[in-house]
Amino acid sequence: MEEQTTNVIQIYVNGTEQFNASFDFNITDVKESTDTYEFYIIGLFLSCLYTIFLFPIGFIGNILILVVNLNHRERMTIPDLYFVNLAVADLILVADSLIEVFNLNEKYYDYAVLCTFMSLFLQVNMYSSIFFLTWMSFDRYVALTSSMSSSPLRTMQHAKLSCSLIWMASILATLLPFTIVQTQHTGEVHFCFANVFEIQWLEVTIGFLIPFSIIGLCYSLIVRTLMRAQKHKGLWPRRQKALRMIVVVVLVFFICWLPENVFISIQLLQGTADPSKRTDTTLWHDYPLTGHIVNLAAFSNSCLNPIIYSFLGETFRDKLRLFIKRKASWSVVYRFCNHTLDLQIPVRSESEV
């Protein structure tokens, strides 16, 4: 009798342990499913906002910059040439972003070709954008400190050569991480990330820290030069407007790309403090919603550049008004667009600082 009682108790204990283990597992499962569902809903909402408000501006705006400037090749200035190349880089990222922002479950990362292809586009755009903005800051400093008629460095031939070298440098800087980017698997989740410690340091250093140090130095010198130029009242308004556009472009780039670089830097610092974490899952896996937000912020830069270029660039507004005048079928359309672009555009000399 005692033996039967013992067996019953043993069966009850075993069954209770199995039930508790199963219950704990189910609770954990439900919690993970709830967190995943919340991330998906919030991420989908943010992606929809980006697609409705920013993507059309970035896609149409960058195409418009290319079309308008290519239709006025004879009036293209050196800053225009740099902004055309910047628009090409931005257009690549904007087109890529439409796939990225809705890829919340990372399904296409199952395919190594797509993983590599998307990473290539992102890297080329990042490097080309920051390299062009860095060079534009240097070009602005040269324009302000040199006589436009006698500056041997600031010519259209040199500008075209500079653009070619910048694209080559962007591609070369991309090749190293491009060759080692691969899919990473964590259970049933797939991630595409160049999770190599040295490569990540390279991205943050030459793609963010060094360029912005150069930009900061250039603008410090530009501010000092402009303060000295206040005596020449005729030059000050024109130089101030040209400087305003490039400062806003760089500032927007910094605000948009800073979160992602901070996100990467945190992972790098964790790997420095504990080398065993260098092979662990990335922060994009541990904090998917934060990773999604910093990606959207980075994509937003390429969407905002056309707005800055259109409203702050008087040369572009002038060209856009002429382009609309030629293409518009109805005078009402032309008058509306002409009023929107600002009727009072001051007369400028052919060379623009």
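The backbone N, Cα and C atoms fix where each Cβ goes, and this holds for glycine too.
Going by the topological domain names that Swiss-Prot assigns, F39 and F323 belong to different sides of the membrane. Residues 44, 46-47, 50-51, 55, 58-59, 62-63, 65-66, 69-70, 76, 108, 118, 121-122, 124-126, 128-129, 132-133, 135-136, 139, 159, 163, 166-167, 170, 292, 295-296, 299, 301-303, 305-306, 309, 313, 316 of the same chain lie 6 or more positions beyond the ends of the transmembrane segment (82-102) yet place their CB under 8 Å from a CB of it. Sequence-remote contacts of a segment are chain residues at least 6 beyond its ends whose Cβ falls under 8 Å from one of its Cβ atoms, and for the transmembrane segment (41-61) they are 90-91, 94-95, 97-98, 101-102, 104, 288-289, 292-293, 296, 299-300, 302-307, 309-310. Residues 87-88, 90-91, 94, 136, 139, 143, 154-156, 159-160, 163, 242, 246, 302, 305-306, 309-310, 313, 315-316, 319-320, 322-323, 351-352 of the same chain lie 6 or more positions beyond the ends of the topological domain 'Cytoplasmic' (62-81) yet place their CB under 8 Å from a CB of it.
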